[in-house]
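J.: Next up is a structure, given as structure tokens.
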Amino acid sequence: MAASVENRQFSHLEPGLSGVVRSFKPRSDSPVRGCNFPLNNELTNFQKKPNTTIYLDCSSSEDDDDDDDKNEYLQMIRKGKLEVEPSVHDIRDEGTADNWIERNNSMIRLTGKHPFNSEPPLARLMHHGFITPVPLHYVRNHGPVPKGMWDDWTVEVTGLVKRPMKFTMEQLVNEFPSRELPVTLVCAGNRRKEQNMVKQTIGFNWGAAAVSTTVWRGVPLRAILKRCGIYSRTKGALNICFEGADVLPGGGGSKYGTSIKKEFAMDPSRDIIIAYMQNGEKLTPDHGFPLRMIIPGFIGGRMVKWLKRIIVTTQESESYYHYKDNRVLPPHVDAELANAEAWWYKPEYIINELNINSVITTPCHEEILPINSWTTQRPYTLRGYSYSGGGKKVTRVEVTMDGGETWNVCTVDHPEKPNKYGKYWCWCFWSLEVEVLDLLSAKEIAVRAWDETLNTQPEKLIWNVMGMMNNCWFRVKTNVCKPHKGEIGIVFEHPTQPGNLSGGWMAKERHLEISAEAPPTLKKSISTPFMNTASKMYSMSEVKKHNSADSAWIIVHGHVYDATRFLKDHPGGIDSILINAGTDCTEEFDAIHSDKAKKLLEDFRIGELITTGYTSDSSPNNSVHGSSSFSGFLAPIKELAPAVRSVALIPREKIPCKLVDKKSISHDVRKFRFALPSEDQVLGLPVGKHIFLCAIIDDKLCMRAYTPTSTVDEVGYFELVVKIYFKGIVPKFPNGGQMSQYLDSLPLGAFVDVKGPLGHIEYQGRGNFLVHGKRKFAKKLAMLAGGTGITPVYQVMQAILKDPEDETEMHVVYANRTEDDILLKDELDSWAVKLPERVKVWYVVQDSIKEGWKYSTGFITEAVLREHIPLPSQTTLALACGPPPMIQFAVNPNLEKMGYDIKDSLLVF
């Protein structure tokens, strides 16, 4: 008989200690108060319609499930529902395509606001034991959640089958046998942040809670394939491909898809189902409503959600995500090498079945165990979870407290029974009683597990570029602290905290390694008072005070940096730092900076961010907020700003803007119109400055700078003219432009985040500029642009021409590869015709493809500039924006040859 584990997960924790999870009770205002959760919605007990043909698959008949097991699972589901607060429309989803979905506020978001990738707090996950409440099940979404209707949804089965068919949800429920069983789902990236602390992978920071177990119900896949008459291997039926409804940016735009071998799909022992229920109810949107794959023992990445097509093929899936995701490449292969040498397409590196893994969950991170007469008289119980893949049973879990010299065998609890083929699809729980004095003398606690094939976990982490399948020993460090005056205690530290949350012993060790690798001159100064500040700890409230040009502090990966002395030297201008001053800008920093910039940042580190709730002489946090036993898990309530503002842009904040119009100007140029949050707002972008567009693309934050082409006083919207860099066009950039392709695939009604203003140049009208806070004046402007660099030049020209009293002359030299690449040509030519004395425009193209081209071909040369821009003078400024090689090899040297003082008279956007 299966045993419930909920009440045993934290039974030996010190009452009132930091991190202890108490029993949850329904909120007094909860709609579930007083209900007994019979789970009797329309799907709980399907009634087959009379006179309906049911295609039975006798060879894979369901096991004779023990009624006691079913009742126990039902009790767990009911208990979890009572303890979990209702899901709500999260304020963080406002302005995203997922704003219609209700979610649990305690989920830790790992990729910003959108898409929704999240895991529950580890302690809360373990509190619920064997069956995870659906709102707390980890979520892996590559993009917006598709909207689907139960009555309209169909799944198509096609390819190498005798009878291609489409099935409605009603047919799946009524015409096929169902299978219901608990299955543990695990993301292949579980524990990835540990790898990212060693060396950054291309994946985001999963903690140790990318694992959940629920009861799934659905149709056996093999029954569907048999009904459609799947062909034999000799006729080419080798792979089963799955395709979802979600349209994603990867590969220039594609649906999420993957495949498994036919042998897996048709194996009755594998219990593969097409699921439509989870914990007794219809699937929720985040978990694939109305239909998804469940492949027990496999990684989550093979279990396609929002399932629309099943294709029987000879080859594996051709989906971008089948090849560019869920691989474990050798440690020497980075992203660049993987792309250059096509490592993604080597079949030996694909991940299907999970590997053996285990985690310590008790003690939890930053838990404090006081050492006193009461605690030392009873043992402390270590606890955690373990799992393996392919249906293999976890047979042994061991704990060491001396670095692996000796191992203690733990008690292992398997709450599930194996299926009739002897396979285990769920996690198990382990525990070990230890003496408190032994904990006091230990420096760390480590765990490893073994499965029935005698596979075990490696001692050390093995890095790979995707950060997947990390299963090294899970280590918890111990340190002595003073929870109360006159007492000592043990504080426990897990290796990392999920997402961008700071904390964990790996972050501290990384800091020490960086300090040890510092140049000799830096090492020598460590003993000086200035360098001693690197060991100082700062609270978030202290950092927030340093948000101005007089003192600009930022937080990146838990480290505090004073960027004040770098403000004037920053290539992106002062605003690029000030817009993040006083905040944690880890995500933004990683999105736009190279490894070189990250190393440069170390020169400005002054200390670390305080992430713990204790100090050496302070008490642990034993408070309970109000009468709610689960308030500690609720997200902090943020005070909302007024709904209506005259200016949309808010420094240090991202604002959501909806795409309301998209026009094709040419085959690769689009004009996008984005609505501001309020109809009566203006964007609030000074002339000469730019904005960042932010989006999660291929699981990473992508930020790109754009200058609007609409005038600064447009009300309710702004416009961008964007050149789309498609993949496979430019050999140097085979994947094309990430953001431009993302925008091109963005549907009307979708949102992007906008941040700004940024930039160090501001045109204040009538020839007056403010550059790095210093004023400059010009009567004549030499305006040099390349490619999309025309947009800030165009913006300044717009402002000049809109003011009838602004008499500034503009001499534009605009370089492109071909005539077809010229942006805003009609507008520029129109101004030149209407105002020939004030606006002069000259084009330079590398290769002319049209007859009768009257402008220059080749590159910007000294001769071109001498003929088409004014000579240097006290009232002449040069403005330039374009690719770095153009500025370095064409603009700078040729202006100097003409006599320009490029340090004083050249403004580069």
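Quick reminder: no glycine exception, Cβ is built from N, Cα and C everywhere.
Taken from Swiss-Prot, the feature Mo-molybdopterin binding site covers CYS187. The annotation heme binding site is assigned in Swiss-Prot to HIS570, HIS593. The feature FAD binding site is assigned by Swiss-Prot to 704-707, 721-726, PHE733, 738-740, THR791. Look at Swiss-Prot and you will find 535-610 tagged as domain 'Cytochrome b5 heme-binding'. For 652-764, the entry in Swiss-Prot reads domain 'FAD-binding FR-type'.
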J.: Within 10 Å of its Cβ, which one of these binding-site residues (ARG704, LYS723) has the largest number of other Cβ atoms?
T.: ARG704
J.: For a three-state summary based on DSSP, what are the helix, strand and coil counts in the domain 'FAD-binding FR-type' (652-764)?
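T.: When I sort the residues of the domain 'FAD-binding FR-type' (652-764) into the three classes, I find 8 helix, 55 strand, 50 coil.
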J.: Between TYR706, TYR725, PHE733, which of the binding-site residues has the fewest other CB atoms within 10 angstroms in the structure shown?
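T.: Counting other Cβ atoms within 10 Å of each of the binding-site residues TYR706, TYR725, PHE733 gives the minimum at PHE733.
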J.: Tell me, how many other CB atoms lie within 10 A of the CB of THR791 (FAD binding site), whichever protein chain they belong to?
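T.: Within a 10 Å radius of the Cβ of THR791 (FAD binding site) lie 22 other Cβ atoms.
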J.: Let me know the DSSP-derived helix, strand or coil state of THR791 (FAD binding site), please.
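T.: Assignment for THR791 (FAD binding site) reads helix.
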J.: Tell me the Cα distance separating CYS187 (Mo-molybdopterin binding site) from VAL721 (FAD binding site), rounded to the nearest angstrom.
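T.: So the alpha carbons of VAL721 (FAD binding site) and CYS187 (Mo-molybdopterin binding site) sit roughly 39 Å from each other.
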J.: If you compare CA-to-CA distances from CYS187 (Mo-molybdopterin binding site) to each of the binding-site residues LYS723, TYR725, MET739, THR791, which comes out shortest?
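T.: Result: the closest of the binding-site residues to CYS187 (Mo-molybdopterin binding site) is MET739.
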J.: Give the mean pLDDT for the domain 'FAD-binding FR-type' (652-764) on the 0 to 100 scale.
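T.: Averaged over the domain 'FAD-binding FR-type' (652-764), the predicted model reaches a pLDDT of 89.
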J.: Can you give me the same-chain residues 6 or more apart in sequence from MET739 (FAD binding site) with a CB-CB distance under 8 Å?
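T.: In sequence order, LEU693, ALA695, ILE697, CYS702, ARG704 meet the Cβ cut-off.
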